[in-house]
Amino acid sequence: MGESSRGSRGCFACNWDQQKYTGIVEDCCCDYETVESINEEVLYPLLQKLVTTPFFRYFKVKLWCDCPFWPDDGMCRLRDCSVCECPENEFPEPFRKPLHQGLKSDNPVCQEGKPQSTVDRTLDSRAFRGWIETDNPWTNDDETDNGEMTYVNLQLNPERYTGYSGPSARRIWDAVYSENCPKYSSGEICQEKKVLYKLISGLHSSISVHIAADYLLDEANNLWGQNLELLYNRVLKYPDRVQNLYFTFLFVLRAVTKATDYLEQAEYDTGNKVEDSKTQFLMKQLLSNPKLQAACPLPFDEAKLWQGQSGPQLKQQTQKQFRNISALMDCVGCEKCRLWGKLQVLGLGTALKILFSVDGHNHPDQPVQLQRNEVIALLNLLNRLSESVKLVHEKGPSIEKILEGGIVEPAAQKITKWLRTWKSTIGPRLGKHF
């Protein structure tokens with residue numbers, strides 16, 4: 001999706017060393033250095049393997065839907081904007097079977113932390129009875145409406161630059177920020193009011209990172225690569241966008257670790273016993289990793305939120321705002337952008353559901369029940385954020401080299417010049433194909 005103003009001020013004059021991110025990530029329980037180290041050593045390599053397994057490769061999504069807010073006039077100019085849907089015989093046979101429509105539970109498993117307590121706020125493995133099919137109170141889509149859903153192979157539809165920009169794309173982000181997720185004031189002390197903005201800003205940063213990481217540098221020659229200038233202008237130039245990316249990463253990581261016992265007992269059944277065993281093994285490696293547990297046992301402390309008389313009201317307000325943001329994904333005029341927007345918003349909604357398991361009507365101590373699609377979205381979102389954190393960490397120090405000489409020549413122009421030179425000198429030796 002395109003870029004819009006987020007009310008950020010750029011750091012135009014300072015170099016990366018001066019604005020290097022150190023210390024505790026704001027409103028979290030881990031420091032930047034630990035996040036980068038654990039991501040590099042543990043999370044990134046495991047998640048890269050996990051998302052390619054059959055279970056996490058296929059995502060069920062409603063791609064054809066009307067925008068509830070305005071006429072859908074968005075158009076993509078690239079063929080890369082379209083999504084390749086899976087024929088029924090491609091996605092795993094167990095995915096075609098109807099799931100349970102809800103489960104009765106007799107044990108409270110999502111224990112809300114109290115300020116005065118030090119309870120282990122994880123999801124009890126006894127709650128797991130198999131995948132269910134139930135709507136997520138934090139998102140807008142009817143997840144039980146299988147008639148309008150289709151399966152998509154995420155490996156065949158990567159999140160990348162699609163050419164989707166202009167008024168349609170800007171209108172999406174403007175609606176997200178101005179109507180549903182306004183930036184908190186500089187003097188805001190209520191952490192609850194900060195959370196939603198920081199989550200959406202962090203997700204926005206991650207999306208921008210992925211667009212810059214897989215960018216069409218030269219359309220005439222179909223040349224793809226990293227657009228570091230775009231990465232700088234969209235994300236690295238704004239310290240708060242980088243900070244919010246790390247915040248969102250730790251928030252989602254906390255949701256995954258909180259659901260450890262539940263997810264370890266899950267049935268990652270695709271009908272392929274070898275691959276399913278591999279998926280189960282990788283999940284246990286991720287969820288019970290001693291390095292992760294030692295370095296960052298509590299990435300984010302959700303027990304600090306929603307306290308006091310206004311807590312329940314603030315939670316309901318936040319949930320309503322996030323549902324509206326979820327509904328806005330139906331207005332994205334680019335099919336592939338809509339796919340990844342819906343997946344990542346569902347992943348974020350699943351994290352919110354795990355950490356703040358209440359829909360405004362139910363008792364906060366009721367068990368959290370996860371559906372298969374939610375887990376697929378949650379882990380794919382964590383992988384997307386992991387990739388973004390890794391790229392930001394790697395490219396940040398080298399950004400000064402890109403900016404040497406003042407005005408930076410657009411990456412596409414550099415590539416085009418290089419190709420022309422290459423073709424004129426080397427190409428003729430290789431024959432008429434060039």
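Just so it is clear, glycine is given a Cβ too, placed from its N, Cα and C backbone atoms.
Residues or ranges marked as disulfide bond by TrEMBL: C76-C81 (among others).
The FAD binding site annotation in TrEMBL covers R160, T162, W173, S201, H204, R234. Its Cβ taken as reference, T162 (FAD binding site) is surrounded by 22 other Cβ atoms within 10 Å in the chains shown.
The DSSP secondary structure for C334 (disulfide bond) is coil. Sequence annotations record features per position, and here TrEMBL assigns disulfide bond to C334-C337 (among others).
The annotation active site, nucleophile is assigned in TrEMBL to C334.
Cβ neighbours within 10 Å of C337 (disulfide bond), excluding its own Cβ and spanning all shown chains: 26. The feature active site is assigned by TrEMBL to C337.
Cα of W173 (FAD binding site) to Cα of C334 (disulfide bond): a span of 14 Å. Across the fold, the C-alpha of R160 (FAD binding site) and the C-alpha of C337 (disulfide bond) stand 9 Å from each other. For C334 (disulfide bond), the count of additional Cβ atoms within 10 Å of its Cβ stands at 27 [all protein chains shown]. Binding residues for FAD (R160, T162, W173, S201, H204, R234) extend across at most 21 Å, taking the greatest CA-CA distance. For the pair R234 (FAD binding site) and C337 (disulfide bond), the Cα-Cα distance reads 17 Å. For C337 (disulfide bond), the spatially nearest entry among the binding-site residues T162, S201, H204 is T162, judged by CA separation.
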